[in-house]
Amino acid sequence: MKVTILGAGAWGTAIASQAARQQSAGDVSLWSRDPSQLLEIEKTGENQAYLPGIKLPKSIKLENDFSNAIQRLSSNDLLVIATPMSGLSQTIAQVLKLAKQPLNIIWLCKGLEPNTSLLPHQVVERENSLHNHGIKHAYGALSGPSFAHEVGAGMPCALTVASTSTSLCEIVQAAFHHGNMRIYSSDDLIGVELGGAVKNVLAIAAGIGDGLNLGLNARAAVLTRGLAEMMRLVKAVGGKSETCMGLTGVGDLILTATGDLSRNRRVGLELAAGKSLPEILANLGHVAEGVLCAAAVGDLAKRLDVEMPITAMMGDVLSGQLTPQDAVKKLMGRDPKIET
């Protein structure tokens, strides 16, 4: 099996390493639009810009030609889109224009499209309707609690591939399920993708609570009530609320809200310290998807009349309408309710 990964950021590089541990030499290709980045990887044996300290398998083929990266694949191979959510639309459009035969496609990004509040698979379906040449592709999402650095280092990890295609799930499992990585399968794309989007926003809230020294009780309340918000939204959109109790919901939420490697948690910590969002993002150096999708999640909840107070407050904090301290006061001042 050949595996092509589009995007040589931290997660793309990590998942390429995982695939290379299983596949034969030359079967795993890592594409980057930046030739200087690939030269640096070839020279040093690691992606110093995004995954420093992790030596990459020498069998990974480094690719700068987008067309070659796509056209090397057959209908039995796997294409992995490892761009951020902001790059998904453009990347999948390019893929569909070049595809000459059915492809197996998964994406790793988590979030919603700004302005439209579309889930990743809905973005893919939109682009498929515009650029498809009558070819039926199989597609899905790979998600779950995973820091790229730990995956790159080969540490234990469990993820979920979500797709309506059983064969795609089996291909993804064949590519990545080995050694210290387990891959579970699901047919609930909505639940898996929304869990990955909402948990990033909730991780910012947890970071704010920790940064304000509100205590472990407060953190537990944020995670528990945040999970309830996630489940309500998943059900309203048409997914399975029970999916939120798995790896891509509560599992990813726990990791992102409490792990020190979490960029979204770090945003919350620094907001609580009084730093401005532009300053935080400039120092971060990498994408924090919770910042980008908070407004989109809030818009989707309003459209569907789903109550998500923690998520809504995070949207107000990130847009500068509320300070972290005022957001806490508003949340704690809400009327008593039955727990649902």
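Keep in mind that glycine also has a Cβ here, set from the backbone N, Cα and C atoms.
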Exercise. Gly144, Ser146, Lys199, Asp252, Ser262, Arg263, Asn264 bind sn-glycerol 3-phosphate in Swiss-Prot, but which of Lys100, Lys110, Lys235, Lys302 does that record place at the same site?
Worked result: Lys110
For this session: Give me the Cα-Cα distance between Val287 (NADPH binding site) and Asn264 (sn-glycerol 3-phosphate binding site), rounded to a whole Å.
Result: 9
Seminar exercise, completed: Cα nearest Ser146 (sn-glycerol 3-phosphate binding site) among binding-site residues (Trp11, Arg33, Lys110, Arg263, Glu289) -> Trp11
Exercise. Would you say which of the binding-site residues Ser146, Ser262, Asn264 has the most Cβ atoms within 10 Å of its own Cβ?
Worked result: Asn264
Problem set entry | Inter-residue Cα distance where the pair is Lys110 (NADPH binding site) and Asp252 (sn-glycerol 3-phosphate binding site), in Å | 11
